[in-house]
Amino acid sequence: MEKVLVVNFGGQYAHLIARRIREVGVYAEIASPEEAVIKASKEEVKAVILSGGPSSVYEPGAPDIDEGIFALSKPVLGICYGHQMIAKKLGGKVERGKGEYGKTIVKILVNDPLFDGWKPEEAVWMSHSDFVEEPPPGFHVLAISENGYIAAMRKGLIYGVQFHPEVHHTSKGRVMFENFLRKIARISDVWRPEDQITRIVEEIRSRVKGGDVIVGVSGGVDSTVTAVLLYKAVGQRVKAVFIDHGLFREGEPEEAASLLKSIGIDVVYIDAKERFLKRLEGVADCEEKRRIIGETFAEVFSDAVKQMPNVKYLAQGTLYPDVVESGAVKGADKIKSHHNVGGLPPWFQLELIEPLREFYKDEVRRIAKALGLPEDVVYRHPFPGPGLAVRIIGPFTREKLAIVRKATKIVEEELRKAGLFRKVWQAFATVGEDKWVGVKGDRRAMGYIVTVRIVESEDAMTADWSRIPFEILEKISSRITSEIPEVTMVTYAVTSKPPSTIEPC
């Protein structure tokens, strides 16, 4: 299978690049700079893309790459930091300037296949302070920005662009990728996530030679698809375990068990609510909550494994963003720990299987549809592994848990009524320690402040707050304050990711 190698220089944009390439129908694989030359040398790799990154090419310890990457006679496209790395490595000059941030107009100077379908001037997205002052010998400048910076350059099959074609703010970014992949790299293969089902099933079957596979299910699309793929591969050797930690959305445990049973997968239900909730009581720190939930989950899982002596494998629904947000990709900053990533406790002694590790959420949904799963599962909003605990800011209490659960149900119900639920990435409520004076039943009342968070995204790597009509927000607010006596104020979160994260904790 023909593929593109995306070299990750530490920025989370590397995954956005990979997604955009896959959207064009070409498989993209991410590699660290240290392994780039070896991986790029493989015959199936038809092109290399050097990602952006948070560093300066002149900083001590900044990500670097072997110049051999340019001697492979394969098309190379450097983006932002990758563009500057090309200049530095091949004899150009990189300087620090005022930079460009946000929407910028670039002017195309030369007709080039990379810009087929572009107008003479197009809007792009810039995010840089360093810039290429002089291109390397033999390079031609293809485009400049409205501020006079080199926006694109080329020598033979080596291209560099200062802007970010992978973000939607670059209006013709997808067209550029199509040009680079199909016209310059001449890649003809067409890759689709739903076409990978047979391969995934065969890979699982080849790995699970003997023994059973245990998989934790939650009702979400990731764990459900994982369980179904396992079932297709090894049948009744799949042992699905639903651990009820008491932190799920309303009705979720029952729905999850019912669905899997209808497919033919037996589900072992473990009621561990008290075990989790007692340990969380009063805990305020976000990472401490995640640690407690992760460790308790592992303990409960371990107890389950002990009751299944033939279990030799543990399957998880880990996705690409899970990996990058946990800092598992070299050069990426750790944002928050993820309960699915970071290794297994030593007492598990199980081999880990992650059938979805190479996919993004939208690709998993496409696989789910191809597997024939119900639309309620396919389009279920992402839900954090630690559950509603990370939507409680400050000390954890059962009172706050009940508030968040009820408020989230109201948010989801109103969005469904308005036909907006599937149009947003996530929608939920959070609660903290702050309180607000209110009036209920003609009497003064002191109640909690609930914050509603609704975001739009494609992959959770970046997200924008959703411009929900005011009348919908008004209904949500009215219902929350009317139906949850402990709440006197509802606010709406209007910060995007970055600088914020989607979840509050």
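Think of each number as a place in line: the chain as shown, counted from 1.
Cβ atoms are placed via backbone N, Cα and C, with glycine included.
The domain 'Glutamine amidotransferase type-1' annotation in Swiss-Prot covers 3-190 and rests on sequence analysis. The annotation active site, nucleophile is assigned in Swiss-Prot to CYS80. Summarising the annotation, Swiss-Prot assigns active site to HIS164, GLU166. For 191-380, the entry in Swiss-Prot reads domain 'GMPS ATP-PPase', with the evidence type sequence analysis. Per Swiss-Prot, ATP binding site is recorded for SER218, GLY219, GLY220, VAL221, ASP222, SER223, THR224, and the stated evidence type is sequence analysis.
Positions of Swiss-Prot features highlighted on the structure.
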residue : record                   : DSSP class
CYS80   : active site, nucleophile : coil
HIS164  : active site              : coil
SER218  : ATP binding site         : coil
SER223  : ATP binding site         : helix
Applying the rule Cβ within 8 Å of the centroid of the Cβ atoms of SER218, GLY219, GLY220, VAL221, ASP222, SER223, THR224, what extra residues of the same chain belong around the ATP site?
VAL217, VAL225, THR226, ALA256, GLY317, VAL377, ARG380, PHE383
I need the CA-to-CA distance for ASP222 (ATP binding site) versus GLU166 (active site), whole Å please.
25
Give the mean pLDDT for the domain 'GMPS ATP-PPase' (191-380) on the 0 to 100 scale.
87
Can you tell me how far the Cα of the residue listed as 'active site, nucleophile' sits from the Cα of HIS164 (active site), in Å?
7
Let's check the environment of GLY220 (ATP binding site): how many other CB atoms sit within 10 Å of its CB?
21
Looking only at Cβ atoms, how many others are within 10 Å of the one on ASP222 (ATP binding site)?
26
Hey, what's the Cβ neighbour count for VAL221 (ATP binding site) at 10 Å?
24
Excluding near sequence neighbours, so keeping only residues 6 or more apart in the same chain, what lies with its CB under 8 A of GLU166 (active site)?
TYR13, LEU16, ILE17, ARG19, ARG20, ILE79, GLY173, PHE177
Sparsest Cβ surroundings (other CB atoms within 10 Å) among the binding-site residues SER218, SER223, THR224:
SER218
